[in-house]
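Undergrad: Pulled from TrEMBL, these are the listed features:
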TRANSMEM  B:35-54  transmembrane segment
TRANSMEM  B:75-94  transmembrane segment
TRANSMEM  B:114-132  transmembrane segment
TRANSMEM  B:139-159  transmembrane segment
TRANSMEM  B:179-202  transmembrane segment
TRANSMEM  B:223-250  transmembrane segment
TRANSMEM  B:270-298  transmembrane segment
TRANSMEM  B:319-340  transmembrane segment
TRANSMEM  B:346-366  transmembrane segment
TRANSMEM  B:378-402  transmembrane segment
Amino acid sequence: MTSASAPLPRAPKVGGRILDAQLHLMDRQVLDHDGVPVTTVDDLEVSGPALDVEIAPGSPAPVITALLTGSVLGTRIFGGRPPSSRLIRIPWKDVAEVGVVVRLGVKGEPLDASWVERWVRDKIIARIPGGSHDPR
Amino acid sequence: MKRLLGVALGILTAIGGFVDIGDLVTNAVVGSRFGLSLVWVVAVGVVGICLFANMSGRVAAVSGRATFEVIRERLGARAGLANLAASFLINLMTVTAEIGGIALSLQLASSVDYLLWIPVAAVAVWLVIWRVRFSIMENVTGLLGLTLVIFAVAVFLLKPDWGALAGQLAPTVPQQETFWSYSYYAIALFGAAMTPYEVFFFSSGAVEEKWSVKDLAQSRINVLVGFPLGGLLSVSIAVCAAIVLLPAGVSVTSLSQVVLPVAEGAGKLGLAFVLVGMVAATFGAALETTLSSGYTLAQFFGWSWGKFRRPAQAARFHLSMIVCLLVGMAVLATGVDPVLVTEYSVVFSAIALPLTYLPILIVANDPQYMGEHVNGRVVNVLGMVFLVIILVASIAAIPLMIVTGAGS
């Protein structure tokens, strides 16, 4: 522990754009490679030491490993934490662009995050006559 | 012609807000009890909804983001969910009421009991949402709803004493009414003008029609034609009631009394117009609120949405609307009075109104979204003034409802 009066070391210089995770990532719409909505960023998964572990000096800064969705929204609002196995992840390497929306570089269709949409489509909507009718 | 039809989105949005089944009756009640002393509230409401609908349309055109995406993004998950819950309940109650309203209008035209019309109305609404193209939907219901202009025509045909009518315009509480019930109806009218589903529908409609920066003028024309027209219709219903029902001492409790002044002023032909208009307006409002339910849910959770996609490509969006219509039908099957249902949605406006309009104002000032099209200073000042009015109205809504027994 450093004493409170000692000045903090300067933050390392970073190249490129600085994003505020809370402001620019959380709760933003996620679109896939073709502009189809996939989900909203419900939470973020960050690498790094566990909560109670003392951080050794010189250890690398944590990085975002995945966008989270699914039941994590419920626990974020009402408290608690789902077990890691229940998180639905969109790996950060799939993210192509962060702007007003978060754009993925892959198709949304096969992602884990789209399973409810696929289920509702295949089991219900596609079975109603006209479900695949193009409105235009 | 294209320009002319281009305002259909604004007109349909305004019809759903100003002359849906609840407002058809409320306006006539207001006219028959308070005369024209509440017209100023409608005027204030029209200015407010024009201001914020234009902002939400501009955000949608410039950034491609519809209003509820913006709400979730700015308020975060928790406050966003509170707004979703309140807005969704307003939507659901209004969907229920509108299906009942279509059925009541059809009962008025056919003398077949309205309970039998309910499944017909619900299935018709679903079929349009499932199958009909967005532009055709808004053009047909918007234009047919315009036949309600007959209320304005009837005002002239009734040949009122214009001087006495103008004398009622002053905002004073009539002798036989209390200050509290006057305030309650003021808030009900203001809330009807500013109902959140109008901006949800308008901004999502802008995305459905793929508006871009090029269409900003179109958006403004839509707002400036649609909402004042909606306000005009709502005021002329009240004026009709003030001319015919107020002197006769009739207290309005049903839809048939709403059309009474038109029948007296414009005869059978007028009555035919008004029936077509009421079916179209309630049908339009049903479409608007059902779609808004789907839009708000889909935009909060980030689902794929829109009528421009095949239903199979927006599966959860379509499923949620089917569920809403089924719930609405189930509620109506209990025999509850459809008009009463909308009156209680005022309670939920208390939560939904400020939490809807604040994020729109914030994002309309965000250069990341808007680039050079951020709000000007005048718009921001007006926006702040209206946020204060909205906040006062929403805080006062529930206590006033309890004190006055919902205006009775």
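Quick reminder: no glycine exception, Cβ is built from N, Cα and C everywhere.
Give me the structural setting of these features: burial, nearby parts and distances.
TA: Outside the transmembrane segment (B:139-159) by six or more residues, the chain places 5, 8-9, 11-12, 15, 19, 229, 232-233, 236-237, 239-240, 243-244, 261-262, 264-266, 270, 273-274, 276-281, 283-284, 287 with a CB less than 8 A from a CB of the stretch.
When Cβ-Cβ distances below 8 Å are used as the criterion, the transmembrane segment (B:270-298) is approached by residues 12-13, 15-16, 19-21, 24, 66, 68, 84, 87-88, 91-92, 94-95, 98-99, 101-102, 104-106, 108-109, 121, 124-125, 128-129, 137, 141-142, 144-151, 153-154, 157, 197-198, 200-201, 204, 255, 259, 262-263, 304-305, 307, 314, 316-318, 320-321, 324-325 of the same chain, each at least six residues removed from its ends.
Within the same chain, residues 21-22, 25, 91-92, 95-101, 103-104, 115, 118-119, 122, 125-126, 129, 255, 290-291, 293-294, 297-298 sit at least 6 positions outside the transmembrane segment (B:319-340) and bring their C-beta atoms closer than 8 Å to a C-beta of that stretch.
Proximity of distant same-chain residues to the transmembrane segment (B:346-366), defined by a Cβ-Cβ separation under 8 Å and at least 6 residues beyond the stretch ends, is recorded for 52, 55-56, 58-59, 65, 67, 70-71, 73-75, 79, 82-83, 85-87, 89-90, 93, 187-188, 191, 194-196, 199, 374-375, 379-380, 383-384, 386-387, 390-391, 393-395, 397-398, 401.
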Undergrad: Using a Cβ-Cβ cut-off of under 8 Å, list the residues of the same chain that are 6+ residues beyond the ends of the transmembrane segment (B:378-402) and lie near it.
TA: 44, 47-48, 51-52, 55, 180, 183-184, 187, 190-191, 194, 346-347, 349-351, 353-354, 357-358, 361, 364-365
Undergrad: Tally Cβ pairs under 8 Å between the transmembrane segment (B:223-250) and each listed stretch (B:35-54, B:75-94, B:179-202), then give the stretch with the top tally.
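TA: Selected stretch: B:35-54, with the most Cβ pairs under 8 Å.
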Undergrad: Do any residues, 6 or more residues outside the transmembrane segment (B:35-54), come within under 8 Å Cβ-to-Cβ of it, and if so which ones?
TA: 10, 13-14, 17, 165, 168-174, 182, 185-186, 189-190, 192-194, 198-199, 202, 219-220, 223-224, 227-228, 230-231, 234-235, 238-239, 242, 246, 357, 360-361, 379, 382-383, 386, 389-390
Undergrad: With Cβ-Cβ distances below 8 Å as the criterion, list the same-chain residues six or more beyond the ends of the transmembrane segment (B:179-202) that contact it, or say none.
TA: 9-10, 12-14, 16-18, 22-23, 26-27, 29-30, 33-34, 37-38, 41-42, 44-46, 48-49, 52-53, 56-57, 66-68, 87, 90-91, 94, 173, 222-223, 230-231, 234, 288-289, 291-292, 295-296, 343, 346, 349, 352-353, 356-357, 360, 389-390, 393, 396-397, 400-401, 403-404, 406-408
